[in-house]
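Feature annotations, courtesy of Swiss-Prot:
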ACT_SITE  Asp307  active site, 4-aspartylphosphate intermediate
BINDING   Asp344, Glu348, Phe377, Thr378, Ala379, Gln380, Ser381, Arg382, Met383, Ser384, Lys395  ATP binding site
BINDING   Asp518, Asp522  Mg(2+) binding site
TRANSMEM  34-54  transmembrane segment
TRANSMEM  62-82  transmembrane segment
TRANSMEM  219-239  transmembrane segment
TRANSMEM  254-274  transmembrane segment
TRANSMEM  588-608  transmembrane segment
TRANSMEM  616-636  transmembrane segment
TRANSMEM  656-676  transmembrane segment
Amino acid sequence: MSRKQLALFEPTLVVQALKEAVKKLNPQAQWRNPVMFIVWIGSLLTTCISIAMASGAMPGNALFSAAISGWLWVTVLFANFAEALAEGRSKAQANSLKGVKKTAFARKLREPKYGAAADKVPADQLRKGDIVLVEAGDIIPCDGEVIEGGASVDESAITGESAPVIRESGGDFASVTGGTRILSDWLVIECSVNPGETFLDRMIAMVEGAQRRKTPNEIALTILLIALTIVFLLATATLWPFSAWGGNAVSVTVLVALLVCLIPTTIGGLLSAIGVAGMSRMLGANVIATSGRAVEAAGDVDVLLLDKTGTITLGNRQASEFIPAQGVDEKTLADAAQLASLADETPEGRSIVILAKQRFNLRERDVQSLHATFVPFTAQSRMSGINIDNRMIRKGSVDAIRRHIEANGGHFPTDVDQKVDQVARQGATPLVVVEGSRVLGVIALKDIVKGGIKERFAQLRQMGIKTVMITGDNRLTAAAIAAEAGVDDFLAEATPEAKLALIRQYQAEGRLVAMTGDGTNDAPALAQADVAVAMNSGTQAAKEAGNMVDLDSNPTKLIEVVHIGKQMLMTRGSLTTFSIANDVAKYFAIIPAAFAATYPQLNALNIMRLHSPDSAILSAVIFNALIIVFLIPLALKGVSYKPLTASAMLRRNLWIYGLGGLLVPFIGIKVIDLLLTVCGLV
């Protein structure tokens with residue numbers, strides 16, 4: 001991705017976030033975060049008390065009360081700032097996307113064909129089903145499907161990649177995105193969405209997160225935080241009569257300070273920022289998530305369905321050998337294989353034509369001049385070929401050719417079965433060539449497993465994630481490649497129906513499944529999967545079925561998506577642990593300061609030897625506010641992620657964030673107390 005990455009504290013974003021933090025001080029905005037709403041009420045209450053003390057309407061230390069009140073307002077502002085900064089980063093990314101949208105006109109065709117009469121209309125008036133013509137230099141005005149033509153398209157405004165891509169009618173490369181530019185030739189496009197519903201519009205809406213809903217885990221954590229807040233609120237409320245009965249009633253200002261320091265304000269103030277930042281980090285990986293729920297689900301995934309081609313292997317299978325059947329010479333097999341591949345534009349098909357040319361000097365022949373009919377490959381038939389004169393030549397998977405022969409009254413030879421097994425055991429893909437009902441032999445297609453992929457799968461296994469390779473190869477080939485790559489399981493001879501059934505099977509076992517896809521035939525499985533990453537180069541149906549879109553169209557990105565999801569969950573859990581552990585030090589700071597006058601025995605808890613009750617309480621409140629600011633970078637960037645088992649991860653986080661949450665406040669509160677004392681502020 002070539003887009004400029006935002007600095008963590010971009011000056012313009014910080015200024016805007018500070019303004020938004022002040023705007024969020026209104027009760028309606030605060031009510032959405034129950035923990036910080038309690039702090040907001042406490043700030044308001046102590047402000048009123050400070051004013052009353054200053055005017056003489058109430059007895060007490062007005063300066064101390066004002067200091068507490070001021071730092072409580074700062075606490076609320078810092079929490080608002082964290083959320084506003086995260087939202088500001090997302091909106092800045094959205095603004096870069098808005099720059100792609102241009103007010104333009106489109107040539108709307110009156111008939112769905114090239115050369116038809118056209119009307120010039122504003123692009124924002126195009127409706128679903130309208131037909132438009134775009135030529136070299138034009139901006140594509142809407143999302144749609146190419147129904148005629150082929151062109152080179154610059155998609156860098158959307159994907160960040162400068163290399164142009166080919167878009168043409170038919171197949172999985174017919175989908176185009178509004179806002180991209182035609183570099184050469186022309187396309188006739190059928191609009192697939194109405195105004196405001198384009199992929200670019202949805203990207204902007206998703207990134208801005210204006211309607212961001214809380215995820216299930218976020219809701220569960222919020223409920224826990226509310227429960228803790230209620231417990232501490234009730235406990236604090238009982239302390240006033242408790243101290244009054246002892247003969248020295250503690251002030252309301254001190255009780256509010258105690259309450260604010262005990263409730264989990266750290267995670268309460270950063271919770272929204274963590275959620276927004278998770279989606280922002282996903283965008284940083286060039287993946288657009290439809291919601292925070294999708295990002296969170298990625299963190300809970302325990303089954304990955306990975307396409308073999310392009311994900312596990314390099315994806316450039318090449319014909320490496322012609323293996324003739326008994327009684328057939330190799331040149332006859334090569335000639336038939338080349339004829340069956342003349343109109344096959346896949347890399348495999350072109351490699352078969354080239355291999356026949358190299359081995360036997362068989363030159364390419366024009367399908368039209370031969371008066372031949374090309375039979376295209378389909379996911380259901382699993383074979384392709386050519387009909388020429390009285391010859392019917394097909395090439396395809398072993399099972400598909402076997403069914404084809406038996407349907408034509410033929411018999412699949414035993415020696416070819418042996419040759420197929422031999423090719424498959426070597427990790428190559430066997431394609432069988434047949435003419436009529438006579439098997440001519442086998443073509444070996446060789447692919448290479450990506451370097452380092454086995455180690456990545458070992459890491460995923462250590463994390464408790466099962467990897468399943470999806471391939472159209474036969475079981476022997478699939479087993480050989482699966483063993484070489486180190487995946488846990490595989491689905492061979494996969495059809496769209498088989499993928500859908502496999503996903504449902506895992507989900508019935510209580511597992512969360514993630515997969516990638518780019519074709520229309522992937523849409524049912526993408527719609528069923530818990531995390532479905534559609535390729536931006538794929539069809540409109542695939543992108544609509546998925547809950548994420550990878551702008552780089554890189555199937556391997558699924559592993560990174562899972563890492564980002566887990567990092568978001570870890571960040572939330574780690575900061576929750578840190579926030580709750582913080583309370584221990586605050587007990588030792590505020591409890592002796594507030595109640596030692598009534599119960600001198602509580603002085604034993606003043607292990608930090610803080611200067612005075614006022615400095616102890618003020619130091620705890622100041623630390624409580626400042627820690628939010630210090631943790632903002634961690635909330636936005638996420639905690640350091642390492643692929644470990646769940647138990648090892650728990651131990652690591654308890655040591656770092658649990659123990660850290662215990663020790664840091666002791667040090668921080670003591671340092672603040674010393675500074676207040678040295679400066680003569682208490």
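Keep in mind that glycine also has a Cβ here, set from the backbone N, Cα and C atoms.
Contact count against the transmembrane segment (34-54) (Cβ pairs under 8 Å) is highest for 254-274, out of 219-239, 254-274, 616-636, 656-676. Sequence-remote contacts of a segment are chain residues at least 6 beyond its ends whose Cβ falls under 8 Å from one of its Cβ atoms, and for the transmembrane segment (219-239) they are 34-35, 38, 250, 255, 258-259, 262-264, 267-268, 271, 572, 576, 580, 594-595. A gap of 18 Å separates the Cα atoms of Phe377 (ATP binding site) and Asp307 (active site, 4-aspartylphosphate intermediate). In sequence order, Arg350, Ile352, Phe374, Phe377, Ser384 are the residues of the chain that are 6 or more apart from Asp344 (ATP binding site) and have a CB within less than 8 Å of its CB.
Look at Met383 (ATP binding site): DSSP puts it in a strand. For the residue listed as 'active site, 4-aspartylphosphate intermediate' paired with Lys395 (ATP binding site), the C-alpha to C-alpha distance reads 22 Å. Between the transmembrane segment (588-608) and the stretches 62-82, 616-636, 656-676, Cβ pairs under 8 Å are most numerous for 616-636. Tertiary proximity for the transmembrane segment (62-82) is limited to same-chain residues at least six positions away from its ends with a CB under 8 Å from its CB atoms, namely 17-18, 20-22, 24-25, 29-30, 33, 36, 39-40, 42-43, 46-47, 49-50, 53-54, 251, 253, 256-257, 260, 265, 268-270, 272-273, 614, 617-618, 621-622, 624-626, 628-629, 632, 635.
When the binding-site residues Ser381, Met383, Lys395 are ranked by how far their Cα is from the Cα of Asp522 (Mg(2+) binding site), Ser381 comes first. Of the recorded residues, Met383 (ATP binding site) and Asp518 (Mg(2+) binding site) place their C-alpha atoms 20 Å from one another.
Taking only the Cα positions, the spacing between Lys395 (ATP binding site) and Asp518 (Mg(2+) binding site) is 24 angstrom. The secondary structure of Asp522 (Mg(2+) binding site), as reduced to three states from DSSP, is helical. Neighbour counts of Cβ atoms within 10 Å were compared for the recorded positions Asp307, Asp522, and the top value is held by Asp522. DSSP assigns Lys395 (ATP binding site) to a strand segment in the three-state reduction.
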